[in-house]
Amino acid sequence: MDKDGDAHIEAWAQLISVTDLDTSFIPIKKNKFVIGRNSDCDLPHPGNNLISGRHCYIERDDQGKVWLYDSSTNGTLLNHCIKLCKGERRELHHGDEIHIVHKKNATHGDIGYMFQEMEALRAETSSDTDDTQEYTVPQADLTIEDDALNEGSSLLPLWKRKSMEIFPISCKKSKSDSLPDVTISTTGKPRTAEDNPKDVARDKSEMTDKTDDTLGADSERKSLGAEPEEDAIAESLMCIICQELLHDCISLQPCMHSFCGGCYSEWMERSNECPSCRVKVERINKNHIVNNLVEAYLKVKPERMRPEEDIQALDTKNKITREMLYPAKKETDADDEDSEENCDEDETDDQGDHFSQGPFNGPVGLLNNTNNFFNQGGMVFGIGTPFFGTAINRAAQPVCRQCPNFVDTSSLGQPVGASTAIPTRGAVGGMGLAASTSTLTAALSGPSGSGSDNPGAKILPTAPNFTCAPNGNHVLCLCCMQPMPDRRKNNQIPPQQCGICYRAYCHAYWGCRKLECNGCLGKFKDMNFGEKCLASLILNNAYESEIFKNYMETKGLSVNDVLAACLAKMVLGEYVCTNQAVLSANDGINTPVCYECGLRNFRDLAYNYMRDIPLGELPAEVKNRTNCYWGRHCHTQRNKPNHARRFNHICEQTRTS
């Protein structure tokens, strides 16, 4: 607010609250006006956690231009359509609205102001004063007693009766009446036909002109003062960006919100999200139906048509190309034959190519060979529903490594059979699974190599001896997207699904062949998370995770060592994790878990492990930090490196509001 030293300075602008009508206007006297939560701000909002300490500021430069700068975490909304992020600025004009707190679903807590420049405000005030004209109305001293006239005037509309009462009117009696013609003169005295005819004619002419002028002015005032009728069609055909009728309308998928092509082109350069709902845009379509509706609407109301220069500007800004509207489709290798006998076979081949390009994104050897991957009969159980063929209304049968007609055409090695795909090396984690020493294992082990010298290397188990029955059901591994026999009800074989999320994975059954996979399924105690998880292991906080990684290097600990220590504490009841109840209801640390579920619970255990590290074993700059009010539940620690470095988050929350 105003300081004592600024009391004599004249304000060059002011802010008016648009969310709290009882608040008086706030004058702006300094060239830099700061709004924020801190008490030293020019417009402070103490105690509001949605506002940053120095949320934004208004600055007037040497050229007289006014700029709005954002320096907040949550951003500043300008004119309900432009969101300024930290470090951005926009030129501010007279009448612009600034919202420092804006919620879509709960507007009662919004905080917004209208910016007004004093020079522009004074110009508007003087213009309104010049346009206002005072006038006096001559009053008639004569009252005409005429029942027919009174009855007829009572039936007129109110605005016409008002004008008849206020302004002088010339009234002429009908010929059937015995009374003489009476005319009200401009001086208020009645005149009859016996008076000077020239005076009577002059008075009638003056009264008629005044009456016409009065009715015309009253009609004009009525048309200008009337509230515009609501046009629901125009509101439905309006672009929320430019607030005008849609021009060259495009619609976004999957949210189906529509905008002008030129308006969205400018937005598209800054964000890949929908301007209305902030959903990620997957595709852009031209909306011909809306374009036709706008064209039909403008034929009825041509006054709503945009100026020609605005349409040309929108067409110039439109950067949406034909390739964006109609993405090129992949060409299929189906052979065209003229014989009618092969018509059904061609349709079936096209359907197989469609599936191979769609949900299955695995190695080239299995997926691109349509004849090998799909056959007739059986089902593929993936995330939920099976895939059915369309040509003969039968399910498409995949071919897995244990199908009789499977041939390994992958580029990782020579073709191998289903039952002898991977040799045995030794047991893994007491699950009866074996590892391979073939060149395939070496390729999948990654740059760190394979074998006992590297405990973090990926180990491929051997699949149980099994041959798929004709038309047998299969299930998809959600890691490599490859089919495997659906034997999830058999408890005597390695597991095929996670015990927490119940999604299917193939690594524990016969080894996942995806190069980036460290083991997508296994017992919790035998999971190989790898060193890549250390980057965000502790609370998804990069700084705390780096401290923990340095501590492990100092003590010579590996990821598997930390996991074993954490699981031992969990068995004793000292540590807890997110899905501990589910693990306890199954086989505890022997429960099969997928990589994602296992890592989620390992992060909880690793936090408890780091919490128990003595402060004396940590660096001085780490242990001297103050605790964050929000503790481990702080959201700022994940995206603000400076905040994560200054405060300690290995603690519990002490602040609730």
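Note: Cβ is positioned from N, Cα and C throughout, glycine not excepted.
For the domain 'FHA' (33-79), the model gives a mean pLDDT of 90. The feature domain 'FHA' is assigned by TrEMBL to 33-79.
Feature annotation from TrEMBL assigns region 'Disordered' to 173-228 (among others).
Residues or ranges marked as compositional bias 'Basic and acidic residues' by TrEMBL: 191-224.
Per TrEMBL, domain 'RING-type' is recorded for 239-278. Secondary structure by DSSP for the domain 'RING-type' (239-278): 8 helix, 10 strand, 22 coil.
The annotation region 'Disordered' is assigned in TrEMBL to 326-362 (among others).
Taken from TrEMBL, the feature compositional bias 'Acidic residues' applies to 333-350.
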Inset, instruction - Run through the domain 'FHA' (33-79) and tell me, per DSSP, how many residues are helix, strand and coil. - result: 0 helix, 19 strand, 28 coil
